[in-house]
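What TrEMBL records for this protein:
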- 15-37: transmembrane segment (TRANSMEM)
- 77-97: transmembrane segment (TRANSMEM)
- 118-137: transmembrane segment (TRANSMEM)
- 157-178: transmembrane segment (TRANSMEM)
- 185-203: transmembrane segment (TRANSMEM)
- 231-252: transmembrane segment (TRANSMEM)
- 287-306: transmembrane segment (TRANSMEM)
- 331-355: transmembrane segment (TRANSMEM)
- 382-408: transmembrane segment (TRANSMEM)
- 428-447: transmembrane segment (TRANSMEM)
- 454-472: transmembrane segment (TRANSMEM)
- 497-518: transmembrane segment (TRANSMEM)
Amino acid sequence: MTYFKLLAKQVRMRVIVWLAILCGMSIGFAPVFGGLYSTEEELRSIEMTLDNPAMIALVGPIPDAAYTTAISFSHQMFLFMALVHGIFGILIANAVSRKAEDDGLTEYLVSGGVKKSTLYFNQVMLGVLINALAGVINYAGLSLMNLESFNNEGNLLYSAGLALFGMLFYMLTIFVGTLVSSADFTFGISLGALVIMFLYRAVTDVADMAYSVISPYNWLSRMYPYAEDNFVWLLPFLSIIVFAAAGWFLFANRDIGGAYLKARGRKRTRKIRTYPGLALRSMRTMIISWLAGLFVIGLTYGAIFGDLETMISENEMLSAAVEAGAIDDPVLFFINMILIITTVIATIPGVMIIGRILREEDSARLEVVNTGTLERRFSRSLVLLTHWGISLIVALLGMVLTTLGMYLASMNVDDIGIGPGDYMLASVNYFSVIAAAIGLGALLLGLSKGLFKVIWLYVGYMFFVAYLGNLVELHDAFHMLTPFHYVENVPINDMDWLAFAGVSVVSVLLFIAGMLLYRRRDLG
């Protein structure tokens, strides 16, 4: 069996599932837009809805062309699907590169005579194959449906853009994996880059689009499939070659399992005598990085609050919507949308902390400490309880720091209408949403080690419903599957303490069920 076949066999089921989801969403939603916006009035109405700072931050600028069904599809779906394609690329690349090194597989292959150049080349070619396959499936599916206003050039540009975006973050992940010392760091840094680039584009698209060009998301939004069909914006994706070359240079000149950037060791001045202390110490870099990142996100968004009134007054369609009562307070509407997005982002470190237990389980360390051969024993319940508690604290701190950043950056802006207390109340309100997702993660972890991965699909689903649910008029049943449906939109509306308590209680019950199941299932 060749190394390429070994790689393909290793990830084939994950690739099949991901391609079914990715291509199914693009191809499946395309005809839905024809039913949602079938008349000129409906298209004009959704165009008006999207032409405001909050929605530009989410889905990008509106193309300067007649707003057709195909343009509406591309405008609302392109950046969201790019985000999901990026996650797909990161997960697969990390599995076949850095994680394979951590597990010792790469060392075995090299000792068996496989050259490093063969390893690297096949890892890259696997990424080319799966992303090209995604592009071909999307293009073929959109073309075969022959939908009104979906032209061949637009189908090709939409499909190629997503495929290249996925390949970019696939290659970035392999590059990062050659630098850092573990698969966890590789995943965290690559995912962080994916999210930060989205947020950077969101802010600069509203403030000054000229600065957005640094972000790969901006390259996509400037293509305008089905409108201008700017194929020239595929050229920046040649940076994939740069990452591939740099990654090969770094990989070829280091030892297998080595790293250029390592956690700095130092002499311990005190002993760690409890598992919570051990868990905090092992995750502190990740926790500090996420908290700092969320604070910066808050500062970044808060910095543009002062320009919102001006942008709104200069936007004729948005001003008309405000006067007609379609949007009561566009500033609060924008702030609430940002809070929903940052809530989903703050969910990521919380879920990662719960999932860190799997790392201890894979290494068999949990089996060791759960035996009676050690002087100090601790149970699985304590391990899960510790990670759950840390994840909740980090989630709450993340929301507080995000809203604090918003407040500090906008405290000199007049007429926003909300104070620090309102921001903190919003943090507490949306914290219950994160707690529910973490509780679900604990339940899945208790059921099965493999099932835990489903929580990432659920987090993506939460983002999709919050991101596009109202725009594509999803049925209420879809909204009811996320905690956002049950809590109030603070600060637009007053806090609903009963709803907050209900979601919080459900999150605790999910965790308790997960803990009981985890105590009984086999490790590994």
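Sequential numbering from 1, following the chain as shown.
Just so it is clear, glycine is given a Cβ too, placed from its N, Cα and C backbone atoms.
With respect to Cβ pairs under 8 Å, the transmembrane segment (157-178) is most closely packed against 77-97, considering the stretches 77-97, 231-252, 382-408, 497-518. Two recorded stretches are said to be in contact when at least 3 C-beta pairs lie under 8 angstroms, sequence spacing 6 or more; the transmembrane segment (15-37) and the transmembrane segment (497-518) fall short of this definition. Only sequence-distant pairs (6 or more apart) were considered; of these, at least three Cβ pairs between the transmembrane segment (231-252) and the transmembrane segment (118-137) are under 8 A, so the stretches are in contact. When Cβ distances are compared across the two stretches, the transmembrane segment (497-518) makes no contact with the transmembrane segment (77-97), since fewer than 3 pairs at least 6 residues apart fall below 8 angstroms. With a cut-off of 8 Å between Cβ atoms, the residues of this chain six or more beyond the transmembrane segment (428-447) that come close are 339-340, 343, 346-347, 350-351, 354-355, 357-358, 384, 388, 391-392, 395-396, 399, 454-455, 458-459, 462, 482-484, 487-488, 490, 495, 500, 503-504, 506-511, 513-518, 521. The largest share of C-beta pairs under 8 angstroms with the transmembrane segment (382-408) comes from 287-306, of the ranges 77-97, 118-137, 287-306, 331-355.
Counting residues 6+ beyond its ends, the transmembrane segment (185-203) has Cβ neighbours under 8 Å at 57-58, 60, 79, 83, 86-87, 90-91, 93-94, 97-99, 169, 172-173, 176-177, 212, 214-218, 221, 286, 289, 293, 297, 300-301, 303-304, 345, 348, 352 in the same chain.
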